[in-house]
Amino acid sequence: MAAKEVKFGDSARQQMLKGVNVLADAVKVTLGPKGRNVIIEKSYGAPLVTKDGVTVAKEIELENKFENMGAQMVKEVASQANDVAGDGTTTATVLAQAIVAEGLKAVAAGRNPMDLKRGIDQAAAAVVKEIAAQSTPCTDTRAIEQVGTISANSDSSVGRIIAEAMERVGKEGVITVEEGSGFEDELAVVEGMQFDRGYLSPYFINNQETMSAELENPFILLVDKKISNIRDLLPVLEGVAKASRPLLIIAEDVEGEALATLVVNTMRGIVKVAAAKAPGFGDRRKAMLEDIAVLSGATVISEEVGLSLETATLDQLGTAKRVTLTKESTTIVDGAGNAANITSRVEQIRAEIANSSSDYDKEKLQERVAKLAGGVAVIKIGAATELAMKEKKARVDDALHATRAAVEEGVVAGGGVALVRALTKIVDLKGENEDQSVGITLALRAMEAPMRQIVINAGAEASVVVDKVKQGEGNFGYNAATGEYGDMLEMGILDPAKVTRSALQAAASVAGLMITTEAMIADLPKDDAGMPDMGGMGGMGGMGGMM
């Protein structure tokens, strides 16, 4: 085992604070409407230009191991805030730096670190309550647009397109962000349920312009196994032919003789059929087939529940108003499923989301909810260069998370006003002893840090602005973009309550750990003494004349 270096007490904490300051100073320049850019070198390609706090934080790795530990702990603050609310990473970093700096001064002055931590936790809990009390519901499109605009560094076009996407697909809908191919941002909304499996044979195409197979008012047959024998399908095909309606088959696969017969029947016009593979794999495939069944009013033909294809009847088929199959996807519009069954299925999936610990599973389950209850919107980002596109995509992702958080827990006045207003309400808060009260005081003093940083980045005098805002009431604050004072909500400067809350909780939690640190352990730096110098090799003279 390699030898370790151990540092104790104040010497350890000061090294840790240096690391905290390096990371936080790099991140906090991005805060506010007049936040600056940070340029990050990449091992290949052009450098990355960003105003996203968590992107900056993730890139920082320091040479000194003790300083690096401090930086990594603040990085954890940014990641935690990002995981909970998807935004507020810079605010969380600024708060953590302020609490740690004040806290370590108090520890150096002889205060009890554990009591300081209790005081900080008490202050954070009181401020969180105040934020909840200040919060107003975010229901109308204009408020959603304003939240998106603020979170995208005051880019109103981003706010507008996110608000439109939310309006089109509803709160349950899934909105994804992709890199587009033009200069302008585009919004594409998918009606109905879409999954990423297309037609199994190009011979099913009946619309040559769009190269798609379109079925009007079709029956839908769902099977959770491969279909290779056409005899299994004959009873269903005969029933569908008599009803003179098209048929969509979704199965694990349709191959060989079965697929060939379906193609021939379609080309001759006997029965209009299209077939697609079921989406997903394994258990997820079964779940998604069940979703399609609920949406279309079908029964999944599965041997697990004692149903076989040979005995299937038209009653077990679903229906929809329209189905479109392209090479890559299948879209079912207006399935004839029972509304109560769809609602209960959505509730069931939501319960699974609540119980799931995997982010990937949660994302996939949320997509299923969207396909059943809402819709799917895709925002395609446009920009002049790839660099600008990457930077804009990061901002749109942030703005999207912020608007979701706003819809969830409402909005508060932005620009750091909510925290300043909360601390003026609980200025009389006291701890059980003097050290706890000091912890409360230093945490409340740190609540001003985000507003101070926004004002500094805008080139104004922080102390003057903070004092003036403290004297005001309600949503009165400072608009750093214009340099004016006024009602923040009326000026459209809003922050999601969830973002402000999670930033504060993450900062207080990690700052408390750092203040109560008494020893730090790291590997000793390796002594990289090179190989001894081999000296020059003698000349190879005297070899002339060798022809």
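Glycine is no exception: its Cβ is also placed from the backbone N, Cα and C atoms.
In the three-state DSSP classification, Gly88 (ATP binding site) falls within coil. Other Cβ atoms within 10 Å of the Cβ of Gly88 (ATP binding site), summed over all protein chains shown, number 32. According to Swiss-Prot, the ATP binding site annotation covers 30-33, Lys51, 87-91, Gly415, 479-481, Asp495.
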Once near-sequence residues are set aside, which residues in the chain of Thr30 (ATP binding site), 6 or more away, have Cβ atoms under 8 Å from its Cβ?
Arg36, Asn37, Val38, Thr50, Lys51, Asp52, Gly53, Val56, Thr90
Same-chain residues six or more away whose CB lies under 8 A from the CB of Asp495 (ATP binding site)?
Gly88, Val147, Ile150, Ala402, Val411, Val412, Ala413, Gly414, Gly415, Ala418
